[in-house]
Amino acid sequence: MMKQMLFWTLFLLLGNFCLADLPEKPENISCIFYYKKNFTCTWSPEKEVSPTVYTVKRTYLFGTARDFCTSENRTSCSFFFPNLPYPHNYSIEVEAKNVFGEHKSNVTYWYLENIVKIEPPTILTVEPIPGVKHMLQVAWRKPEGVPTSDSYICHLRYRRVNSTNWKPVIQRMENERPYNLTGLQVLRQYAVSMQCRVKTSEFWSSWSEETIGTTGGLAPNSILDLWRVLGPAQPDGGRTVQLLWKEARVDPSVRKTLGYNIWYFPENETAAKETSTTANQEFKLHLGSGAYLVSVVYYTCDGVSPEATLRIPAVHEKHNFVPFRCYNISVYPVVGVDVGVPHSIQAYFKEGIPLEGPLAKAQNISAQTATIKWEEIPKIQRRGFISNYTVFYVSDHGKEFARTVNSSILQCELQFLQSNTQYTVKVMANTLAGGKNGTSFNFKTLSIGIIEIALLASIIGGGLFFLGILVMVYRLTKPKLKRLVCPEIPNPAKSNVVLWRGDNFKSKLHLGEVQLHGKMKAVDERILKPYLSSSGDLIDKLVVDFENFLDKAEVHRVEMMKMQENILSGEKKYVNSPYNFYSPSGKVFQGLPSSALIPLEETQEQCSERPDEETKDSFFLPPNASGILEPELQPWEEAGLNPYLKNSVTTREFLNSEKFSDPIKKTEMQP
């Protein structure tokens, strides 16, 4: 029993030790097919603990052919040409084996057209095209190792020399057609590289070797500065003329000058042209005694410059300057063949009047000012140096004015003009020989200037602001103004004659107390019973004007005077109370008892002691509690409040006293 347990223990320990040293299973298998070269596969892991032998088993030709390759301690293995049939499917299995055992991978399948990798193409030339700027043309040859049954595509990239920033070209290239790189800078070096792949494959070739090309420059566009040095005339009439020239400012876009071409011929014999070439900046000519024309150009690999032309006069010829033409005269310091910076001036052999006057127009026109602007006369039409400009302007039926400005100024401001006036303007250009007027034109000043418009706007704005303040003040003080302009007229319903109280129109007639011998004596009360047909008639008649009320007061004063006369004569009579009412039909409220009548004898002392005005006022004293009549409720009082009374203040009807009978009725005095 102990022997069996020991055996199984040793077996497990040795088994675990052996499993720990077995090779790992090959995984991540990847294969690439190099056409007519090899078929190579790689896998992982890259390194084993123990020495390991790998065997790659290949099955192809639809399973009819099998072979293998081996490698020791390397995770790659290759099958070589010519045993590489194409196109076919390959099945690959990798087996790892060491002293402790072996491990096999899963079987993988590869279609050669999808994993074929070709060689990079060959760039033949990278050169500019003559006469075409900012471009390089790339010529190339197709890559080697492309299967004859497959097509391919290529990509290109480029960069400026001394730069690491590559720019890819999106367009695909094929069939060895040259490709033109555009949008490049002139006179710059560029490095170009290409790569290709079979259309069905997923692997691009490596990049080709870089090829450098230089873009072309601009054709020369400047003219040489050319002058001459005339030698003395020989006895045979011949002479030596030395030509000197200097290039204009160097343009970095223009290539270096390769040489100079000189043409010269007699002035009257253009067919006898002679040509010379030199790389120097001077040249000697052996000419006859006649006049000659000389032209010099310089050229680069990108083109030829414009001609610089010079006339060499005859031996006995004076300088023939054309009048009215501007000449540039330059003086160059020359030391040997070195030419210094020239000093130049402009001059006219003879000046004249300009051929055309300035073309002018008016701008910034206001009520009193305007600006006149004009264009400079073309140089060919000046015929001399412009010394100044004169602006003439005149209004309709007015005096002409003029203003003069310097030749460097091309505008003039006219001031103190009349508003709403039309002016005629012309500008004259002056030289030493005279002046030339330009075409005249008209303009009209404004009726109101900017200042007037601003002032008017300020006044209107201020007026509107002040009006707004007045409206605000009026709204705030409207009740006070209304009472001041339209005072309220007393409401007859609230007068001292009759006091209305409550919604049932109950009224009380207040009779004042009479002072008899220094004592106040109350007057008896009796209910008045007027004869009324309807309550509406009474309401309509209760509108009383204040003037009629004063007339009735005057009647009472007259009655009091008559009463005083009766007292003096010794007669004893009685009068009715002045508080009689009348109905709308003109009938007087009657039915007062005799107790309501006041004996005149008892009031004799009072009437004799008070003046007439005081007597009159005593009849209108406000009644007190002891002198109030409380009449019975009449039928005309049972009606509701007539809306007419509510508006009696604003819709008052003024009545004349003649339309109504005197409310005060005289009665005979009773004993």
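One-based numbering along the chain as shown.
Including glycine, each Cβ sits where the backbone N, Cα and C put it.
The signal peptide annotation in TrEMBL covers 1-20.
DSSP states for the domain 'Fibronectin type-III' (25-119), grouped as helix (H, G, I), strand (E, B) and coil, give 4 helix, 56 strand, 35 coil. Residues annotated as domain 'Fibronectin type-III' in TrEMBL: 25-119 (among others).
DSSP labels the residues of the domain 'Fibronectin type-III' (120-218) in these numbers: 0 helix, 48 strand, 51 coil. Taken from TrEMBL, the feature domain 'Fibronectin type-III' covers 120-218 (among others).
The feature domain 'Fibronectin type-III' is assigned by TrEMBL to 354-448 (among others). In this model, the domain 'Fibronectin type-III' (354-448) carries an average pLDDT of 91.
The transmembrane segment annotation in TrEMBL covers 453-474.
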